[in-house]
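Feature annotations, courtesy of Swiss-Prot:
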- His564, His568, Cys666, His670: Zn(2+) binding site (BINDING)
Amino acid sequence: MLTQSIRRQFLEYFKKHQHQIVSSSSVLPHDDPTLLFNNAGMNQFKDVFLGKSYRDYNRAATSQKCIRVGGKHNDLENVGHTSRHLTFFEMLGNFSFGDYFKTQAIRFAWEVSTQVFGFEPERIWPTVFREDDETFELWTQYVPAERITRFGEKDNFWAMGDTGPCGPCSELLYDRGSDYGNATKPSEDSSGERFLEFWNLVFMQFNRQTSGVQNPLPKPSIDTGAGLERVINLKMGVNSVFETDILRSIIAQIELLSGIAYHPQDQQSAAFRVIADHLRCLSFAIADGVQPSNVDRGYVLRKVLRRAVRYGRTLKLEKPFLAEVLPQLVSTMGSDYPELVKGQDRIAEILTIEEEAFIRTLKRGGNILNQVIEKSRASHQIISGDDAFKLKDTYGLPIEEILLIAKDSGLKVDEPRYQQLEEEAKQRSRHVHKTVHQIAGENIFADFVKVRGETKFAGFTQNSLKSSVVGLFVNGEFVEEMQSGQEGLVFLSETPFYAEMGGQVGDTGTLENSNSKFSVEDCVVPYKGLIAHKGKLNTGSLKNGEMITASIDKKRRQKIANNHTATHLLHWALHQILGEHIKQAGSVVDPQRLRFDFSHHKALSLEESRQIEDLVNQKIRENLPVKCYEIKYEEAQKKEDIKQFFGEKYGSTVRVIDIDYSKELCGGTHTSALGNIGLFRILKESGIAAGIRRIEAVTGAEAELLQRQDEDLLRTLAQQLKVPIHQVLEKLEKLQEENKQFIAELKEIKKKELNVLINGFIKKIEQLGNTSVLILETALSVEELRLCVDLISDQIPSAVIILGAAFPDKCQILVKISDDLVKQGINANEIIKILMPIVEGSGGGKQHTAQGGGKKPAMLGEAFKQIRIYLKEKMNVK
C-alpha cells in the first residue's frame with residue numbers, strides 16, 4: 001500500500017540523516033493530565049522541549065498515532081462532512097532538541113516533499129510568520145519569493161502555552177489546481193481546499209515570560225508535523241482523505257456490509273466516512289487500553305462509538321456492525337501496528353458490547369421520543385428542554401441523538417433550558433465530603449507549613465521515634481495546649497506514621513511521654529508536606545514544644561504492608577491473565593482487605609478468577625524479596641518496565657517498588673518479602689461502572705479464615721445432605737431438578753384451579769366499540785394475577801386486559817395488550833402510568849405488558865373508573 005511505503009520512506013530518509021527513529025507512543029498520554037489523547041507528534045517529547053527530561057539522542061523522527069476529539073483540537077463534528085477532517089490520523093514528524101535549526105529543517109522538508117513524497121516543486125507554497133525575515137530568505141533558495149506568503153501570529157506563530165517555549169512556524173501548502181477554487185495564492189483561499197496544508201515546521205526559539213517578553217532560547221529546537229493521510233491524498237491526486245488507500249478499503253467493506261454503494265457526493269456518503277474514521281479511532285484507543293465509559297476519555301470514546309452507530313443506522317445497519325468491519329482495518333494497518341492484531345478479539349468484543357447497549361437505549365428511548373415529537377409538532381415545533389432532559393436522564397437517550405432526530409423531523413430543541421437542567425442535576429449530584437481540609441480551610445495549614453516547615457516522614461525505616469510537638473489543632477484552630485479528653489490534630493517535626501495517601505489508609509498508634517498519652521486513630525495530609533495525627537488525648541495535657549515518643553501499631557502496619565504488596569502482585573497477575581489493556585482505576589488498602597479497580601470490559605469468569613488467585617499465590621510461595629529504592633523521576637521515565645499512572649503528579653525523586661517482574665512507582669509501605677503475605681484469596685469481583693471492574697481480596701490470617709469458613713460450610717452441607725463432600729454438588733443439582741418438577745406440577749394444579757375463575761372473568765369482558773376490554777379487581781396473589789393474564793390472553797387473542805388485586809396496605813395491577821391493539825395505538829406502559837398516580841404507586845413496562853404497585857388499595861376502583869374513561873376517549877367510544 002502507498003501509505004505503508006511513504007511512511008517507511010519518510011523514516012528511512014531521516015534515519016540516513018542521523019535521526020533516532022522513535023516508535024509511536026500510545027494514544028494515551030504519558031504523565032500529561034492536560035491531554036485527553038495524544039494529538040501531535042511532539043507530545044511524547046514535551047518534557048524534552050521543556051528541559052524537564054533528556055534523551056540519548058538530539059534528533060528524532062516518528063510516525064505518531066493521533067486522536068483529536070476534545071478540547072482545542074476537536075474535529076469530531078466536522079468528520080464526515082469535509083474532505084480532510086479526521087478524529088484519528090498519523091502524523092509524520094522530525095525533531096531537533098537543540099541540534100539543527102531552520103536551515104537544515106527547511107532543507108529536510110524540501111527534500112522529503114520533492115524526493116520522498118514526489119510532489120511537483122512548482123506546486124509547493126511555503127508560508128512564514130510576517131516578522132520572520134530569516135525563514136523567508138531561507139525559502140528563497142528553493143522557491144521564488146512570490147510563492148512565499150507571510151501570515152500573522154494566528155496562522156504562523158506557535159506557543160506551548162501562555163508562557164514557555166514558542167516561536168514562528170512555516171507551513172507547506174500544495175496547490176491542487178483550479179478544480180479546487182479560483183484563488184491564485186494562499187491568502188485568497190479561505191476554504192483551504194486549493195492550497196492544502198500538508199506540513200508544519202515549528203521553530204522553537206523563544207521562551208515567553210509572564211510579562212509577555214520573549215527571550216531567545218539558549219538551544220533552539222525544531223518540531224515538525226506532516227499529516228500522513230493528507231500527504232497520501234495529494235500523492236494519489238484524489239479529492240479527499242477518504243479516497244486514500246486505507247480509508248477507501250474500509251469504506252469498501254462498509255459497502256459490502258450495507259449493500260449500498262458509496263458515492264462521495266450523495267447525502268448518505270457522510271455515513272461511510274464517519275464509520276471509516278471512527279472505527280480507526282476506536283480500535284487504536286481500545287488497543288492502547290482506553291475503554292468506553294461514562295467518564296473522561298472513556299466518555300469521549302463512547303461518544304465517538306455512538307456517533308458511528310447513529311450514522312450506521314442511515315445505511316440500514318441496525319445490528320452491531322463495527323466488529324465486522326474491523327478485520328479490514330487490521331489487515332491494512334496491523335503489520336505496522338501489531339497492537340491491532342494482538343488486541344483484535346478484545347477490540348471486537350468491546351465494540352459489540354457497546355453497540356448492543358446503545359441499540360437497546362435507542363429502542364427504549366426511541367418510542368418515547370416519537371411521542372414527544374408528535375406532541376411538539378402539535379404545539380410550537382420545538383422539543384422542550386424538559387422533555388429533552390427527561391429523555392436523556394430517564395431513558396438514557398443521548399442529547400446528540402435527540403438533536404439529530406429532531407433535525408430530521410423538522411423540529412428544534414430548547415437547548416438553553418436543557419443545559420440549565422443538566423447543570424442543576426450536576427449540582428445536585430455533587431456531594432460535599434467533610435475532611436480535615438474543610439475544618440478550617442487549607443489556608444490555615446498553608447500558613448502553618450510556611451512557619452513550621454514540612455513534616456519529615458521516617459516510617460519506611462522506623463516504627464517508633466522521639467519527636468517534638470510543633471502544632472496542636474483543636475476545634476478548628478491552633479492552640480498552645482491540648483487537654484485530656486479533647487480530640488484534634490497533633491503535628492510533629494518527624495513521624496513514623498504513614499498518612500492516608502494513594503489508596504493506603506493511615507497508620508494508628510500512640511504519641512506519649514511521662515505526662516500524657518494521645519491515641520492516634522488516623523493519619524492524614526491536610527496540606528502538601530504536612531502530616532496530621534488525628535485522635536484523642538486520653539490522659540494528661542500536651543503542649544507545643546514537648547518531646548514525645550511516636551509509635552505506630554506494628555501488627556496493623558504489617559497487615560497493611562502485606563495487602564499493599566499483594567495489590568501490586570494482583571495488578572501484575574491481571575496483566576498476565578487478562579492482557580496489557582488493564583489499567584489501574586483506583587485502590588484501597590487497609591489491614592483487613594484490599595480493593596483494586598481496573599479497566600476491563602466484562603466480568604471475570606470463574607476460571608479467570610481462579611487463574612489470577614493461583615498465580616498470585618504461586619508468586620507468594622516463591623518468596624522473592626521486595627526491593628524499595630528511590631531514583632530520579634527522569635530516570636524512571638526512561639525505564640519502560642516501571643509502571644506509573646496517568647494523571648499522577650510525581651516529584652523529582654520517586655520511590656520504586658521492585659519485585660523483579662513487577663516494578664511500580666509507589667509511595668506506600670510494603671512487606672520485605674512476598675512470603676510474608678502468606679495466602680491470597682479473592683472475596684468478590686464486580687462491576688462498578690461501565691468498563692471498570694473491582695476485585696476485593698484478603699491475605700494472610702484473613703484469607704485462612706475465609707478458607708476455613710468455606711470448608712466448614714462444605715462439611716455442613718455434606719452432613720445436611722447426608723452425602724460425602726465430593727458428592728455435594730451432584731446432590732444439589734438433583735434437588736434443584738426435583739424442585740423444578742414440583743414447581744411445574746404446582747403451576748399445573750394452580751392453572752386448573754384458576755381456569756374455573758377465568759371462565760367467570762371472561763364472562764365479564766365488555767365491548768368498547770369493537771374492542772374486548774376486561775378491567776377487573778380480584779383477590780388473587782401477584783403470581784396468580786400473572787397466570788390469569790396469560791391464560792385469558794390465550795383464550796381471547798385480541799383484548800385489553802387489566803387485572804388488579806387489593807391487599808391490606810398495597811395493591812397490584814397488571815396490564816396486557818394484544819399485538820393488533822398495540823398497532824392501533826393502545827400502550828400498556830401508558831395505561832400503567834395513568835393508573836399509578838391514582839393509587840400512589842409506581843410501575844412501568846413495554847407496549848404489550850406493564851405492571852405496577854400502589855400504596856392506596858382503596859383507590860383501585862377509582863383508578864379503574866378513570867382508565868375506562870381514557871380507553872373510551874382513545875377508541876372514540878361515546
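Numbers run from 1 along the shown chain.
Glycine is no exception: its Cβ is also placed from the backbone N, Cα and C atoms.
Quantities reported herein were computed from a predicted structural model and do not represent experimental measurements.
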In the same chain, outside His564, His568, Cys666, His670, whose C-beta lies within 8 angstroms of the Cβ mean position for the Zn(2+) site?
Ala561, Thr565, Thr567, Val626, Ile657, Glu664, Gly668, Thr669
Near the Cβ of His670 (Zn(2+) binding site), how many other Cβ atoms are there if near means within 10 Å?
25
Near His564 (Zn(2+) binding site), which residues of its own chain have a C-beta under 8 A away, given they sit six or more steps off in sequence?
Gln504, Val589, Leu594, Cys666, Gly668, Thr669, His670, Thr671
Which ones in the same chain are close to His568 (Zn(2+) binding site), with CB under 8 Å and 6+ residues apart in sequence?
Ile657, Ile659, Ser662, Glu664, Cys666, His670
What does DSSP assign His568 (Zn(2+) binding site), in three states?
helix
Number of other Cβ atoms within 10 Å of the Cβ of Cys666 (Zn(2+) binding site) across all protein chains:
22
